[in-house]
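**Q** For reference, the structure I am asking about is given below.
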């Protein structure tokens with residue numbers, strides 16, 4: 001059965017004809033959800049949870065060479081004002097409750113980017129008794145950025161993937 005849409009009803013198909021008619025007259029047809037998701041992706045505020053050497057690359061991403069603010073992403077110091085938490089580096093067992101506390105202080109919808117091998121799965125210190133083997137055991141992670149340490153370009157790509165995912169799926173359901 002090729003050509004059969006098994007993913008469900010495509011709501012854009014219904015509005016495409018009406019949208020074409022109204023475009024000539026200067027109107028735009030969209031849904032409130034699409035408008036909110038568009039605005040949300042253009043104003044992501046991230047806070048750093050830098051724990052090791054990956055944090056240096058995270059800071060490098062926010063410098064003028066990469067200028068992440070042109071993508072609508074700006075750093076914030078308080079978890080109460082941020083939408084995205086970037087966990088960069090080795091998460092120890094002692095630091096895990098603090099990570100969860102900061103995550104709980106963030107307003108909904110909140111997103112987490114895990115940056116680097118240590119944050120993704122323990123990395124070089126995976127078999128150490130004091131290391132959490134991935135921050136996804138403490139908080140739900142939306143985007144994983146691989147590398148040891150990942151480059152600033154890799155983090156920027158991860159941020160753009162998060163924006164794309166929010167636009168495509170709306171508020172990510174957990």
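Cβ atoms are placed via backbone N, Cα and C, with glycine included.
Okay, so Swiss-Prot annotates it like this:
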type: BINDING; residues: 53, 54, 118, 148; note: [4Fe-4S] cluster binding site
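Please situate the listed features within the shown structure.
**A** Take the CB of residue 148 ([4Fe-4S] cluster binding site) and look out to 10 A: across all protein chains shown you find 12 other CB atoms.
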**Q** Counting only residues 6+ away in sequence within the same chain, which have a CB under 8 Å from the CB of residue 118 ([4Fe-4S] cluster binding site)?
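**A** Correct list: 51, 52, 54, 89, 90, 91, 124, 125, 131, 148.
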**Q** With DSSP assignments reduced to helix, strand and coil, which class does residue 148 ([4Fe-4S] cluster binding site) get?
**A** coil
**Q** Sort out the sequence-distant neighbours of residue 53 ([4Fe-4S] cluster binding site) for me: same chain, 6+ apart, CB within less than 8 Å of its CB, listed by position.
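**A** When sequence neighbours closer than 6 are ignored, residue 53 ([4Fe-4S] cluster binding site) has 89, 116, 149 within Cβ distance under 8 Å.
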**Q** Within 8 Å of the Cβ centre of 53, 54, 118, 148, which other residues of the chain have their Cβ, at the recorded [4Fe-4S] cluster site?
**A** 52, 88, 89, 90, 115, 116, 117, 119, 123, 147, 149, 150
